[in-house]
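In what follows, a structure is listed as structure tokens, so that the remarks can point back to it.
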Amino acid sequence: MTEYLLLFVGTVLVNNFVLVKFLGLCPFMGVSKKLETAIGMGLATTFVLTLASVCAWMVNSFILLPLGLIYLRTLAFILVIAVVVQFTELVVRKTSPTLYRLLGIFLPLITTNCAVLGVALLNVNQSHNFMQSAVYGFSAAAGFSLVMVLFAAIRERLAVADVPAPFRGSSIALITAGLMSLAFMGFTGLVKF
């Protein structure tokens with residue numbers, strides 16, 4: 001149990017996919033202008049990332065490795081992610097039409113989110129078992145969601161702040177992301193791998 005807790009804390013805080021590995025920057029910058037959209041995108045990404053991580057592990061363990069098709073790993077994972085995203089899109093459309101409208105084009109773009117593919121590939125490279133894959137996928141998504149919600153809250157405050165003209169828009173957003181990355185570096189000594 002301690003192993004899974006360390007994996008969770010280490011992935012969420014110490015090795016955050018956005019701030020440390022720089023994966024998932026497109027939705028991080030694109031969806032983080034409003035807090036409600038960031039929360040919705042975070043929930044959708046959490047569902048997709050966790051499910052895709054587990055499905056990719058199963059495809060790798062039960063199909064690719066036994067058949068010696070390891071060279072098709074990236075292509076197979078992209079197909080798995082596309083299927084999971086389409087399933088998520090159907091679920092969100094049926095359960096929450098408002099959230100579906102808010103997410104707009106960003107929901108299908110989860111398919112091309114490099115963080116989702118990155119988690120699947122890192123699961124395989126780090127030789128995680130089924131449970132570790134599920135925890136790693138969920139914790140990567142939780143870290144992504146945490147950072148995106150924090151960033152969206154900061155950006156909403158910056159929208160009404162008196163920011164100098166040269167720093168308005170993307171400039172202050174990138175500076176803020178850099179400062180968040182520095183803040184998360186404080187967690188570096190928290191978990192030893």
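All positions are counted from 1 along the displayed chain.
Yeah, the Cβs are placed from backbone N, Cα and C, and that goes for glycine too.
According to Swiss-Prot, the protein carries these features:
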type	residues	note
TRANSMEM	5-25	transmembrane segment
TRANSMEM	39-59	transmembrane segment
TRANSMEM	62-82	transmembrane segment
TRANSMEM	102-122	transmembrane segment
TRANSMEM	134-154	transmembrane segment
TRANSMEM	171-191	transmembrane segment
Query raised in the report: Looking at the stretches 5-25, 39-59, 62-82, 134-154, 171-191, which one shares the most CB pairs under 8 Å with the transmembrane segment (102-122)?
Result: 39-59
Query - Contact between the transmembrane segment (5-25) and the transmembrane segment (62-82) (3 or more Cβ pairs under 8 Å, separation 6+) - result: no
**Report entry** Close approaches to the transmembrane segment (134-154) from elsewhere in its chain (Cβ under 8 angstroms; 6 or more beyond its ends)
**Finding:** 4, 7-13, 16-19, 24, 27-28, 31-35, 37-39, 41-43, 45-54, 115, 119, 122-123, 126, 128, 176-177, 180, 184
Query raised in the report: Any residues 6+ beyond the ends of the transmembrane segment (39-59) with a Cβ under 8 Å from its own?
Result: 24, 27, 31, 76-77, 80-81, 83-85, 87-88, 91-92, 99, 102-103, 106-107, 110, 113, 115-116, 119-120, 123-124, 128, 130, 133-134, 136-138, 140-142, 144-146, 148-149, 152
